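Enquirer: Quick paste from Swiss-Prot:
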type	residues	note
REPEAT	7-46	repeat 'WD 1'
REPEAT	52-93	repeat 'WD 2'
REPEAT	100-141	repeat 'WD 3'
REPEAT	162-201	repeat 'WD 4'
REPEAT	208-250	repeat 'WD 5'
REPEAT	257-296	repeat 'WD 6'
Amino acid sequence: MVTIGNAHNDLIHDAVLDYYGKRLATCSSDKSINIFDIDGTESYKLVSTLTGHDGPVWQVSWAHPKFGSILASCSFDGKALIWKEQPETQQWSIIAEHSVHQASVNSVSWAPHELGAVLLCASSDGKVSVVDFNDDGTTSHVVFDAHAIGANSASWAPLSSTPSPNQKDAASLKQQRRFVTCGSDNLAKIWKYDAANNTYVEEARLEGHTDWVRDVAWSPSMLVRTYIATASQDRTVLIWTQDKAGKWQKQLLTEDKFPDVCWRCSWSLSGNILAVSGGDNKVSLWKENLQGKWESAGEVVQ
């Protein structure tokens, strides 16, 4: 396990490996983003520090490598910034600024790469925005109301299957856009693209928490069924699955409440292990057994 000490001068809010697992991006209340080269399991090197935000940086998200070396970040300053590394110089620069929100942008997430360079943002102004970065260098965005008191996180659904040749045109792919958001209204909501009105409409409402939902994560792979995890201020994590009739069913990850607030939840790439971090300074790992119950798979003490 690689442990990076003194990575920032203030609280670290996110740490994300790139597609190949070779580079780590971290962000902090010190308003900066650090890029580390990770070599194996023991060594690392700080290669870049990115500054451009005017407030704490909450989250970072790597784009798929087919778009180049691109990173999105979001901040309390109400902006999402898009950074690109020039391969010749290995220098990073801001190539786009998304500033449509009126409050802190709490979450940024790139869509599955088959859908194009599309960024999803969730903000404390209660709105969610979806930004398309078009091939001709232009951008277009859709902004809509999602959670009345504030949107805290958002996560894309995986594509249900590999599109057939006649589904690969832009219009058909756009129809497959789905994501889940969560907010300070104690809810998570699933949204789908509405082509007729060029916006996103609520497909399902996931009710089960009794306090703010801090994070939501849609399992990245389609196994026997699809999973959504929600982590809440109420010290519980819920696992949501869709039954044959299309209705979403909830299950407590564990019958006992967590010792403190559940801040974040994250699926493994294969979608079969869930990591949960909370106010108790621990990261716990969970997996589903053959009986459909979730059981502990270990923990990492910070």
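Quick reminder: no glycine exception, Cβ is built from N, Cα and C everywhere.
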Enquirer: Could you give me the DSSP helix, strand and coil counts for the repeat 'WD 3' (100-141)?
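Expert: Going by DSSP assignments, the repeat 'WD 3' (100-141) contains 3 helix, 22 strand, 17 coil.
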Enquirer: For the repeat 'WD 6' (257-296), give the DSSP counts of helix residues, strand residues and coil residues.
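Expert: Going through the repeat 'WD 6' (257-296) residue by residue, I get 0 helix, 22 strand, 18 coil.
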Enquirer: Please average pLDDT over the repeat 'WD 6' (257-296) for the predicted structure.
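Expert: For the repeat 'WD 6' (257-296), the model's average pLDDT rounds to 93.
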Enquirer: Under DSSP, the repeat 'WD 5' (208-250) has how many residues in helix, strand and coil?
Expert: 0 helix, 21 strand, 22 coil
Enquirer: By DSSP, what is the split of the repeat 'WD 1' (7-46) into helix, strand and coil residues?
Expert: 0 helix, 24 strand, 16 coil
